[in-house]
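What TrEMBL says about this protein:
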- S54: active site, nucleophile (ACT_SITE)
- H347: active site (ACT_SITE)
- C182-C192: disulfide bond (DISULFID)
- 107-355: domain 'SGNH hydrolase-type esterase' (DOMAIN)
- 1-31: signal peptide (SIGNAL)
Amino acid sequence: MRTAATRGAALLTGALLTLAAAVGGSVPAVAAPLPAAALAPPTGPTVAVALGDSFISGEGGRWLGNSARYQTDRNGTDRAWTGSGYDPSRVYGSTAAVEGCHRSDVSELATAALPVAERVNLACSGAETRHVLSTAAGGEQLNGEAPQLDRLGQIARTKRVSLVVLSLGGNDIGFGGIIGECAYDWAFSRLCSREQGAIVDRKLPQVRAAISAVVDDLRATMTAAGYRTGDYRLVLQSYPSPIPGGEEFRLREGDSNRLNRDGCPFNNRDADWARYTLVPQLSELVGSVAAAKGADFLDLQDMLAGHEVCSLGTAQVGQAGPDPRKHEWARFLDYANTQGTLEESMHPNAYGQRALGTCLGLITARPGRWSCVSDYLGDDTPTAMRLVPTTG
C-alpha cells in the first residue's frame, strides 16, 4: 500500500520509511440515500466492478517471483522487460506511473472465472476509505480520478452491474507504514510489534466505522441507480500475509540477506505478530462489517501460506526461470528500488494475483463466508485453491 513518509537522509532509513504514513481524521458521514433513478437496473450484459486499494488493483503484478539478478529480465521474473529496457505499461497500462493506480493485467478481477461480460477495475493503489466514498458523502479524488463510488454510480446507471468486490482498510490502518517501521527496527535489532500493535488497536474502531460507511454509501449508490440489494452481489475481502511467522523463515533472524538479497528484513517476533495478530485483526474487522451489512466475505489471511516472501519451501528464482510451485507469490521488500518500484513491495505478485483471481471465482460460484487457501490435493499452482468455512 502506497505511503509517503521519510526518516533521515540515510538510504536504508529513507527508503524503508517511504512505506510509512500517518492516518487520521474523522469518518465522513454517509450521504442520505437518493431516490431510485429507475424501477429496475439496466438490462443487457453484466459487469463486475473492483473497488478499493492496491491489493485488488493489481499492485505487484509485474513480477513472477523474486530474483537477486538486477539486469535484463531478472531471470524471467520481470514482465516489463522489452528486450532492451523496461516498460511497466506492459503490465499496468495507462496507470503505470510511479504514483499511478497500478491496475495490472493479472489483477484478480482480470483473471477470475466470472459469469460476466465485462470487468471494470476502479481500485487504485494507495486508496483509503475517503477515496472510495462518493463526493456526496465527503469522498476525495486520488491521482486525478473521481471517488470510486461516483464512478460506480455512473457505470451502474448504464450497465448491468452484477458483482462488486471491495478491498479496503489496509491503508487506513497504516499497513505500509507498519512494514517500514518494522523493517527499520530489524536493522537496529529492535522490536516494532509492541508500539505498532498499540497504534493498530487504537485505530481499529475508526477503520471499522470507515469501512461500514463505505458499504452504506455503496448500497445508497446502487439504490440510486435503480438496484435492490438482491440485484447484485457484494463481496468484501480481507488481506493475505506477505510474510510467514518467525519460525517459517528460510534465513536465520540476523542474516544480512534478509535485507540485501531476500527482501524480508523482519525480526521473528515481529513477523509472528504481523502474521498471527495483525493480519487476523484485519480479517476479523472486514468480516464483521460484511456480516453486519449482508455482504459475502472472502477471508484471504492464509491465501499465501507456503508461498510468502522468505518462507521455508520457497526460493528465489534462478537461471532456470520462474515456477509457481517453487517460488514466492508475493513481492519482496526492494528497499533500494533496484528493481521496479518500492510501492510493489509486500504485495501479491503475478502468481499471487492469479491465486486471488481463483479465490474470487470460487466465492462467486459459492456465496457466503469463506476462507481461501491452497488446495493440498492440487498441484501447488495459483489455480489450485479451495474454499473452507471461515472460523469467525
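Each Cβ is built from the backbone N, Cα and C atoms, and glycine gets one as well.
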Checklist line | Around the Cβ of the residue listed as 'active site, nucleophile', the count of other Cβ atoms that are within 10 Å | finding: 29
Next item on the list: Can you figure out which of S54, C182, C192 (the recorded positions) comes closest in space to the residue listed as 'active site', comparing Cα atoms?
Entry: S54
Margin query: Validating a neighbour-count step here. Other CB atoms within 10 A of the CB of C182 (disulfide bond): how many?
Written below: 26
Notebook entry, point to check: Do you know which of the recorded positions C192, H347 has the most other C-beta atoms within 10 angstroms of its C-beta?
Noted result: H347
Notebook entry, point to check: Can you check what DSSP calls H347 (active site), collapsed to helix, strand or coil?
Noted result: coil
